[in-house]
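Q: According to TrEMBL, the protein has these features:
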ACT_SITE  E129  active site, acyl-thioester intermediate
ACT_SITE  C163  active site, acyl-thioester intermediate
ACT_SITE  H298  active site, proton donor/acceptor
BINDING   S255, K303, K307  CoA binding site
DOMAIN    47-220  domain 'Hydroxymethylglutaryl-coenzyme A synthase N-terminal'
DOMAIN    222-504  domain 'Hydroxymethylglutaryl-coenzyme A synthase C-terminal'
Amino acid sequence: MFQLLSTLITTLQPMRYSYNLRLLLARSCLSPFRMPGSLPAVCEAAWPKDVGIMAVEVYVPSQYVEQAELEEFDGVGAGKYTVGLGQARMGFCSDREDISSLCLTVVQRLMEHSGLSYQSVGRLEVGTETIIDKSKSTKTVLMQLFEESGNTDVDGVDTTNACYGGTAALFNAVNWVESSSWDGRYALVVAGDIAVYATGGARPTGGAGAVAMLVGPNAPLAFERGLRGTHMRHAYDFYKPDMVSEYPVVDGKLSIQCYLSALDRCYSIYRNKIHAQWQREGLDKRCSLADFGFMVFHSPYCKLVQKSLARLMLNDFLCHPSPDTESGPFSGLEAFRDVKIEDTYFDRDVEKAFMKASSEAFENKTKASLLISNQNGNMYTPSVYGCLASVLAQHTPQQLAGQRIGVFSYGSGFAATLYSIKVTQDATPGSSLDKLVSSLCDLQARLDSRKKVSPDVFAQNMKLREETHHLANYIPQGSVEELFPGTWYLTRVDEKHRRQYARRSVSDDRPLEAGLLTSSNAAEVCFSNWYLFHMILMYFHNN
C-alpha cells in the first residue's frame, strides 16, 4: 500500500500542486515517528546511534520568472543567465511573505506530514540571514505553532552567518542530540531566506525558500562522527551593512575566490580526518571523489557547483603521488601536474580541463542535486539542503542505501564546512529511508505547479519590496490567492512594527483561515485501505 501511495503522489496533476491531497496521503498511515519522551535513566550514559536527518520538508514560493525572459528584459546577451550561470527559473516572494512566514509554513508542513506532536520537539534551531528584527529571533515567532500543545520547553534560537547559518543550526541540533543536554526528544532545524538583489548583474542569482529538517537518533541520513573539515576567515566578499535595505554588497570575484579557497581547505582537512580514521581501522587507502556516492554544494548558481566538483578532482590530482595520466579520470592532464592550487582560481585552462575530466563524475554524483537550484535559484541558508533534498527526490531508496553523501556548505564573510552523511543500508518498503524518499518524490511536481510571471511583474514585486521594507502601520499589497494552500502570509505590520500572520486554508475550495492548524493528533490518524482508496478516487474524479 505504501508503494501505491508513492506512485500516486508522483502522478498528481502537474497543473496545480494539491497540498490537501498530499497531506491526506501523508496522514494515511501511522507516522513513522514516535514521540521519544523523557530519556530513560538507563540510557543517560549511552551515546545515541546514527544521529542525523530523519525527515525533510521543502517550501518554495508559488511564483517564478523565466531566466531566458529575464535576459531579454534586462537587455543582456542570450545565455548569460541560462548558460553562463546555469539557471532556468527564479522563485520570488511578494510583500505577503517574509522570513517568519516562510519558516512557519515549512515547519507546520513538516509536522503535519510526519504526523508528529509538537510536544515531541525539544530543540528548534533557525538558520537565516534574512533579518527583520535586530533582537527578536525568528524562532520565537515559530513558537506560536507550539502553543496548543503546551510545549514551551524548547531550546535554541537563530544562527546567522550568510548562507552558512543553516549548517551551523544543523550542527547545533546534532550536537544537542549527542550531548548530556539531550532529553530524548527530536530537534527541528529550519533554514530559510529571501535572496534579493538590486537591479543589475547579481539580480538573476536570487531566489527564496525554506527547508525544515527533523534530527534524531537512528536516522536514515546519519552524520559521520568526526568527519568535518571547517575553514573560517575574515573577508568582505558579500555582506549587508545597510540596515534599511534587503540588498547586499557583493564583490563577485572575491566571493568566488573565497568560496573555492574554502572548498580546497575544507576538502584537505576532511581527507586528513577520514584517512586517520581509516588508519585506526587498519585500512591503507587515500580519500578521493570515488569515496562519495554523491557530492552536494552550496549553490549560488549552478555553474559554480559544476566548477566546484571539478575543483575537487583537481585537488585529488595534485595530491596523488603518481596519478595515471595515460588512462582513467586523469588522462591527458599531465600538463597541470606542477600548478599551484592557489594560482588556479581564475585559470581558464585549468578550469576547462578539469571540468571536462570530471564531467562523468558530475553527471553521476552532483547534477541531480541542482534541481531546486536550477528551477528556483539561490535560497541562501537552505541552498545546500535544497540540493540534498533534490538528490533524495530523484533516486530510489535502493540507489541511495549505503552511500556516502559529501556536503559542502559556504557562507560569505566567511565560514565553510565539508562534512559527510552516511545513508542507511535499509531500503526495504516502509523503512525510514523509504518514507523519507517518498515524502520528496513529488518535488518536481511542486516546482511545476508554480505560476510563471513576466519579468515586468517580477520587477514590480522587487520594487514593491524595496519601497515597503521595514515600513510600520502597513498592510501588504500582494495577492493571497496566488499563494499555495497551507502557506503562512503577512497580514499587516502595526504602528509598533509588530507583525501579524495568517495561514491560507490547506483546501483550495475553502475560504482563507487565520490561526493555527495543529497536528497534535495526526499520529493517531489511520485510514483503512478501502477508505483511503475511495478518497483518492474521489479526488481524481473531482479534479
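In case you wondered, yes, glycine gets a Cβ from its N, Cα and C as well.
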Q: In Å, how long is the longest CA to CA span across S255, K303, K307, which the record gives as the CoA binders?
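A: Those residues reach a largest Cα separation of 14 Å.
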Q: Once S255, K303, K307 are set aside, which residues in the chain still have Cβ within 8 Å of the Cβ centroid of the CoA site?
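A: Here the nearby residues are I256, Y259, L260, P300, Y301, L304, V305, S308.
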Q: Give me the count of other Cβ atoms within 10 A of the Cβ belonging to K307 (CoA binding site).
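A: Around the Cβ of K307 (CoA binding site), 20 other Cβ atoms lie within 10 Å.
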Q: Using C-alpha atoms only, work out the spacing between E129 (active site, acyl-thioester intermediate) and C163 (active site, acyl-thioester intermediate) and round it to an integer in Å.
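A: With the alpha carbons as reference points, the distance is 7 Å.
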Q: Measuring Cα to Cα, how many angstrom lie between K307 (CoA binding site) and C163 (active site, acyl-thioester intermediate)?
A: 19
Q: Take the domain 'Hydroxymethylglutaryl-coenzyme A synthase C-terminal' (222-504) and average the pLDDT across it for me.
A: 96
Q: Between the Cα atoms of S255 (CoA binding site) and C163 (active site, acyl-thioester intermediate), find the distance and write it as a whole number of Å.
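A: About 12 Å separate the Cα atoms of these two residues.
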Q: For E129 (active site, acyl-thioester intermediate), list the number of other Cβ atoms lying within 10 Å of its Cβ atom.
A: 27
